[in-house]
C-alpha cells in the first residue's frame, strides 16, 4: 500500500506513522529523514538543500520533490511506503502524483489524523523539556515526580518556544492555510480517510488499522 499521513501539528503523526508502517510492512519515509540522509551523504541534492538551510531559507519544492523521487525509487519502496511530512501543500501533492506516474504507480490512500485546535494546544503547550538530558515530559500526560525537575537526571525543565501557546497558534494558522487544503485535494480523488486522533495512542492506532482494513477490504 502507498500511503500518505496528514494532520495538524501535535496530531501524533510521527508516532502513528511508525505503528502503521510496521503493520503494513512498508518503509516509513519522512522528509526530515530524507534531508538528513542527503545532507550527510553529500549528494548533489543534499548540497543544494544545505546551502538554503545554512542561509535560513526554505528549501525549494523542486529540490524536495527530487529527493522524494529518489527515495521512492529505491527497492524497499517498490511494494509500498508511508509518507510522513510530505506533501505539505497542494502543489507538492500534484508533483507527488506526477512523480508516481513517472514511477509507474499511484497513491492508494491518504490517512488524516483529525484533532481540534484546543486539543493540539493542550498536547503541545504541556510539554516540558529537560535542560540536562533532553527528555520531554508533559505536565498532564507524563509528569515528573517533582514539578519542574527531570526524574531521569534532576535537571531543570523548561518550555521550548515552539511549545508556547502563541507559537502553536501560529503553526495551526500555517497548517490551515497551506496543508489543510490537501484534505480537499485528496477528497476530490476519493483517496481521503479521516480518523479521530484523540485518546490513547493505542486507540488511535487501532482506528488507523481498522480504516486501512476497510479500504483494503
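Each residue, glycine too, has its Cβ placed from N, Cα and C.
The ATP binding site feature in Swiss-Prot is assigned to 10, 11, 12, 13, 14, 15, 127, 199; the stated evidence is sequence analysis. The AMP binding site feature in Swiss-Prot is assigned to 31, 36, 57, 58, 59, 85, 86, 87, 88, 92, 160, 171. According to Swiss-Prot, the Zn(2+) binding site annotation covers 130, 133, 150, 153. The region 'NMP' annotation in Swiss-Prot covers 30-59 and is backed by sequence analysis. Per Swiss-Prot, the feature region 'LID' maps to 126-163.
Structure with Swiss-Prot features highlighted.
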residue : record              : DSSP (3 states)
11      : ATP binding site    : coil
31      : AMP binding site    : helix
57      : AMP binding site    : coil
86      : AMP binding site    : coil
127     : ATP binding site    : strand
153     : Zn(2+) binding site : coil
199     : ATP binding site    : coil
Fewest Cβ neighbours within 10 Å, where candidates are the binding-site residues 10, 199: 199
Residues of the parent chain within Cβ reach of the region 'LID' (126-163), under 8 Å, 6 or more residues beyond its termini: 171
Least surrounded among the binding-site residues, given as 12, 14, when other CB atoms within 10 Å are counted: 14
Pairwise C-alpha maximum, in angstrom, for the residues (31, 36, 57, 58, 59, 85, 86, 87, 88, 92, 160, 171) that bind AMP according to the record: 30
Residues 10, 11, 12, 13, 14, 15, 127, 199 [recorded ATP binders]: greatest CA to CA distance in Å: 17
Cβ atoms near residue 150 (Zn(2+) binding site) (within 10 Å, other residues, all chains): 22
Mean of the pLDDT scores, which run from 0 to 100, over the region 'LID' (126-163): 96
Distance, residue 31 (AMP binding site) to residue 14 (ATP binding site) (CA atoms, angstrom): 12
